[in-house]
Amino acid sequence: MSERSWSFSKAFRNLFSGPELITEETWDDLESALLTADFGPEVAESILDQLRDDVERHRVSEVVELRRMLRDAIEDRLAAFDPTLRLSERPAVILVVGVNGVGKTTTIGKLANYLRTFDKRIVVGAADTFRAAAVEQLATWAERAGVDIVRPQQPGQDPASVAFQTIERAVQEGHDIAIIDTAGRLQTKGGLMDELAKVRRVIEKLAPVSEVLLVLDATTGQNGLAQADAFIEHAGVTGLVLTKLDGSAKGGFVLAVQQKTGLPIKLVGQGEGIADLTGFTPHVFAQQLVG
Ligand SMILES: Nc1nc2c(ncn2[C@@H]2O[C@H](COP(=O)(O)OP(=O)(O)OP(=O)(O)O)[C@@H](O)[C@H]2O)c(=O)[nH]1
């Protein structure tokens with residue numbers, strides 16, 4: 001398997017080419033590796049403190065052992081959040097939100113395709129009526145994934161009415177899951193939040209909203225988190241999707257983002273292809289991160 005951009009392998013290659021026994025330099029190198037990977041100072045410090053304690057308590061002296069302990073520490077922290085998508089309602093409604101360009105539409109295409117492999121009947125709704133190109137982009141993904149789509153009947157149609165029509169169709173035609181694409185950009189943040197609240201209110205006349213997924217671009221790392229606040233505060237977010245992890249050196253962001261928001265990562269995007277979306281498995285992720 002090719003090395004992932006966010007893997008620690010390189011940092012560990014340096015550590016492993018040095019002395020096999022843990023020295024002060026090992027701790028310095030580990031701290032730099034954690035900070036470079038965007039764990040953020042607080043999480044990095046807390047992991048280092050925990051490892052120092054454990055190393056002392058168990059009288060560990062070898063770097064190989066430290067690596068195993070790091071992997072376990074990261075896995076434990078990642079696993080404190082439940083990554084399961086809750087889709088038991090019929091139809092299960094998934095609202096996908098986030099600022100523009102983070103990968104909402106792409107994620108919906110990949111997610112629809114993934115859920116289809118479980119024989120689910122899916123409809124997507126193009127409630128991003130702000131840009132005509134966004135509707136076309138979603139239509140292309142829907143076709144590739146082999147799922148139905150509800151489009152606006154005229155340009156600029158109220159997003160809430162497109163969302164309503166999508167759920168209406170899901171109910172009438174017996175779709176298992178409806179996924180709603182929303183706009184990422186409006187003149188003001190307040191306007192965007194009001195619009196999302198309205199979309200939600202209108203959907204809930206027909207069906208409960210099962211998941212509100214906030215999409216975050218991993219390449220922006222902790223800097224991108226500021227934009228997330230408003231969504232978390234106002235949109236009732238139930239889970240996070242991290243996209244573009246394939247181009248990111250910020251593997252530590254995965255843990256930092258869960259700790260900072262208190263929300264679980266439910267899906268991870270690692271490429272532009274239709275198959276480049278997976279669920280989030282702490283064990284696998286910690287393995288790939290630490291090596
Ligand atoms: N490398 C990589 N690129 C991605 C991933 N997810 C999305 N992209 C790319 O990111 C760009 C933006 O994706 P969109 O799906 O259009 O983003 P959006 O959030 O719907 O954007 P708006 O409709 O403008 O709000 C596209 O070029 C995608 O191909 C990913 O996991 N990895």
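Glycine is no exception: its Cβ is also placed from the backbone N, Cα and C atoms.
Heads up, TrEMBL stuff is auto-annotated, nobody curated it.
As recorded in TrEMBL:
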- 98-105, 181-185, 243-246: GTP binding site (BINDING)
- 1-78: domain 'Signal recognition particle SRP54 helical bundle' (DOMAIN)
- 90-246: domain 'AAA+ ATPase' (DOMAIN)
- 91-291: domain 'SRP54-type proteins GTP-binding' (DOMAIN)
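Everything TrEMBL records as a feature, shown here on the structure.
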residue : record           : CB count, 10 Å
GLY98   : GTP binding site : 25
GLY101  : GTP binding site : 12
LYS104  : GTP binding site : 26
THR182  : GTP binding site : 26
ARG185  : GTP binding site : 12
LEU245  : GTP binding site : 24
*Listed binding-site residues with Cβ under 6 Å from ligand 1, out of GLY101, LYS104, THR182*: GLY101, LYS104
*Where does LEU245 (GTP binding site) sit by DSSP, helix, strand or coil?*
helix
*Averaged over the whole of the domain 'Signal recognition particle SRP54 helical bundle' (1-78), what is the pLDDT?*
86
*Give the helix, strand or coil assignment DSSP yields for LYS104 (GTP binding site).*
helix
*Could you put numbers on the helix, strand and coil content of the domain 'Signal recognition particle SRP54 helical bundle' (1-78), residue by residue per DSSP?*
55 helix, 2 strand, 21 coil
